[in-house]
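Engineer: My questions all concern the structure below.
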């Protein structure tokens with residue numbers, strides 16, 4: 001086999017010399033050469049690379065590697081190579097000749113131990129010496145699970161690096177971690193063996209021809225798009241990948257990752273950055289593209305649990321039980337469908353909804369990025385007189401059609417009433433079947449273009465790897481920015497039960513969703529059960545708002561949405577009474593995730609709220625800059641303040657950032673806030689204070705055994721949290737208890753245990769700070785959803 005490879009390399013060298021000056025030899029090592037990805041895409045991609053490059057000055061050798069013993073591995077690899085095919089326009093005789101050459105240049109070898117890698121390196125060097133070839137570089141393609149990366153990387157680094165003057169390129173396939181922490185860990189491990197410029201992380205969506213065309217299209221059509229590509233003209237952006245197949249046969253992978261990690265965090269996020277980034281002057285510059293992508297990540301508004309809806313096809317749990325030998329009682333919470341609402345808080349995109357959606361067992365297989373423009377025209381003539389190329393009353397949209405669907409191919413679609421686009425010569429105008437409608441319009445209403453020659457994504461990316469084009473791959477910085485954005489949402493959804501759907505056409509309208517004020521929700525209500533059991537599930541309306549007592553104070557309990565609505569109504573009623581009586585309303589609000597839905601409800605459904613006469617105060621604040629995503633004020637700004645007309649001088653953030661320092665005792669930030677309260681709030685008695693309750697019984701930022709804030713004369717104190725950021729500023733318990741009304745909002749199954757515990761304890765604020773909340777002359781009301789109250 002070794003002698004045959006030498007002969008084949010010499011023949012290839014002769015062909016290169018006849019073609020043009022020899023540029024060196026490239027060894028390509030495919031790890032996982034007998035796996036599914038290699039069989040379906042990678043060997044064909046390598047063959048296409050050979051067809052494209054063999055006559056242009058380089059010689060090649062291909063090493064298929066796996067853990068399998070040599071004889072069996074060679075048989076498996078030979079079987080995978082049987083399906084290689086040539087482009088349709090290549091003559092059969094030429095195809096057979098090139099295929100034969102490729103097979104001769106390809107050999108299998110077992111790579112299992114450090115000695116195996118050392119032997120590979122010696123063989124490559126010996127082959128180069130015998131053939132008299134100069135080494136240009138080596139490509140190691142990791143088509144293996146991530147847990148194998150570290151050992152392989154160590155062996156390559158220690159014994160398989162090419163000599164001086166030759167390059168090394170290491171290709172990595174997703175998944176690149178499970179969350180931000182694991183991605184950081186994996187990146188650190190790989191960084192000990194390889195330089196950043198040596199690593200090529202593959203997201204095969206970046207090899208899709210329609211996706212790869214987004215930046216060039218924007219660049220070629222700058223003049224037409226400059227005035228349109230912004231919040232004033234774009235109504236929304238949809239980035240979609242739908243599949244008809246389910247996860248059968250892949251549930252071990254899917255149980256660990258789910259649809260958000262599998263598709264949204266990588267493929268759809270990459271498309272989002274290409275659509276939303278500021279256009280670099282040079283769209284071919286990897287450094288410029290990365291810099292502009294990172295600017296998008298920095299502007300992304302943080303995701304909350306309400307930013308997403310999730311579903312799961314009905315047979316998924318049964319498939320998991322069967323394939324992973326789970327007990328009959330096992331029910332998976334892994335989503336197979338997800339839609340997420342993303343907002344970008346910058347001048348170009350502020351207020352424009354970006355919808356990312358993907359799912360399995362849906363009604364069609366299709367992928368696209370659709371930019372829908374606002375229709376701001378009013379046409380006088382009747383609809384029958386509207387012309388597609390002229391009427392501004394017809395839909396105006398730009399679609400990067402990634403593939404499949406009714407169109408069946410990659411395409412770029414531009415509404416004729418938008419502009420006539422410019423595309424490179426590698427794209428041609430296309431004609432679809434008569435009567436075909438796409439996105440609400442007949443195909444004839446679009447300028448439609450498709451690639452002159454369709455290419456598989458992996459073939460495209462292998463060519464980019466060979467030529468060292470880094471702008472088509474995921475850098476470490478890009479990867480970690482993406483995980484930093486998605487990890488909080490994944491954590492918030494970890495215990496959320498997905499909506500079940502039958503799959504395919506039977507889904508009907510079950511997965512249809514709507515969005516409003518930063519929240520996404522299903523259009524149709526689904527029955528929920530208070531306690532799982534046989535028989536029909538009761539509807540939320542079957543359970544009225546429950547009124548009872550909790551710790552001798554009034555309790556309001558309901559399903560979460562109804563509870564939030566009730567609390568918002570109560571706050572508005574309290575505000576109206578206070579303004580009518582005193583001319584103003586002083587409201588102190590807590591941060592965290594629980595009040596987000598309340599803020600959104602107040603911002604979108606309470607048009608009679610007396611915001612002009614309302615003063616907003618903070619119950620507590622983390623010692624971070626107010627612009628920090630961890631800041632309670634930043635959450636209040638994102639979900640409430642920017643949506644209501646409240647005078648800026650009525651907004652009172654806590655002064656945690658003074659003298660360019662955070663919560664320094666000598667800056668007296670707590671005393672400053674206390675004096676402000678005393679000056680503006682009569683008797684330092686807030687009209688309403690909204691609190692939450694932590695799993696440890698803390699409230700505000702008053703934690704168990706806190707040395708300050710639980711008693712004494714101080715109105716505002718600095719405290720220390722057991723979780724980061726540790727330093728906090730908080731209203732004290734004595735100040736809270738001066739309020740006319742205190743509302744405690746408790747939501748979620750995670751609070752069930754502490755809710756039960758606190759119901760049984762007495763007045764023990766040192767141990768359970770929440771137990772010390774009891775207004776001296778005001779009212780305390782508990783608001784608990786059924787998950788927290790009943791479990």
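Cβ from N, Cα, C; glycine included.
Pulled these features from Swiss-Prot for this protein:
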- 20-526: region 'Hexose-6-phosphate dehydrogenase' (REGION)
- 32, 33, 34, 35, 36, 37, 38, 39, 149, 174: NADP(+) 1 binding site (BINDING)
- 157: N-linked glycosylation site (CARBOHYD)
- 174, 204, 205, 206, 207, 208, 243, 262, 360, 365: D-glucose 6-phosphate binding site (BINDING)
- 208: N6-succinyllysine (MOD_RES)
- 282: N-linked glycosylation site (CARBOHYD)
- 527-540: region 'Linker' (REGION)
- 541-791: region '6-phosphogluconolactonase' (REGION)
- 683: N-linked glycosylation site (CARBOHYD)
Engineer: Out of 32, 38, 208, point to the one nearest residue 360 (D-glucose 6-phosphate binding site) in space (Cα versus Cα); all of them are recorded positions in the record.
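Structural biologist: So, of the listed recorded positions, the one sitting closest to residue 360 (D-glucose 6-phosphate binding site) is 208.
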Engineer: Between residue 174 (D-glucose 6-phosphate binding site) and residue 32 (NADP(+) 1 binding site), how many Å separate their Cα atoms?
Structural biologist: 14
Engineer: In the three-state scheme derived from DSSP, which category covers residue 243 (D-glucose 6-phosphate binding site)?
Structural biologist: coil
Engineer: Considering Cα atoms only, can you say which of 32, 34, 205, 208, 282 is the nearest neighbour of residue 157 (N-linked glycosylation site) among these recorded positions?
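Structural biologist: Of all the candidates listed, 32 is nearest in space.
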Engineer: Take the C-alpha atoms of residue 36 (NADP(+) 1 binding site) and residue 207 (D-glucose 6-phosphate binding site) and report the distance between them in angstrom, rounded.
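Structural biologist: Counting only the Cα atoms, the answer is 19 Å.
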Engineer: Work through the recorded positions one by one (32, 34, 38, 149, 282) and name whichever has its CA nearest to the CA of residue 205 (D-glucose 6-phosphate binding site).
Structural biologist: 38
Engineer: Counting only other Cβ atoms and using a 10 Å cut-off, which of the recorded positions 174, 208, 360 scores lowest?
Structural biologist: 174
Engineer: Just name the winner among 34, 157, 282, 683 (the recorded positions) by count of other CB atoms within 10 A of its CB.
Structural biologist: 34
Engineer: Just report the maximum Cα pair distance in Å for the recorded D-glucose 6-phosphate binders 174, 204, 205, 206, 207, 208, 243, 262, 360, 365, no decimals.
Structural biologist: 22
Engineer: Under DSSP, is residue 34 (NADP(+) 1 binding site) helix, strand or coil?
Structural biologist: coil
Engineer: What does DSSP assign residue 157 (N-linked glycosylation site), in three states?
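Structural biologist: Where residue 157 (N-linked glycosylation site) sits, the three-state DSSP reduction gives helix.
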Engineer: Roughly how many Å lie between the Cα atoms of residue 149 (NADP(+) 1 binding site) and residue 207 (D-glucose 6-phosphate binding site), rounded to a whole value?
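Structural biologist: Given the Cα positions, residue 149 (NADP(+) 1 binding site) is 23 Å from residue 207 (D-glucose 6-phosphate binding site).
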Engineer: Write out the long-range same-chain contacts of residue 207 (D-glucose 6-phosphate binding site), meaning residues 6 or more apart in sequence whose Cβ is under 8 Å from its Cβ.
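Structural biologist: Spatial neighbours, sequence-distant, of residue 207 (D-glucose 6-phosphate binding site): 456, 457, 458, 459, 460, 461, 464, 472.
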Engineer: Which whole-number value in Å describes the distance between the Cα atoms of residue 32 (NADP(+) 1 binding site) and residue 208 (N6-succinyllysine)?
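Structural biologist: Between the alpha carbons of residue 32 (NADP(+) 1 binding site) and residue 208 (N6-succinyllysine) there are 23 Å.
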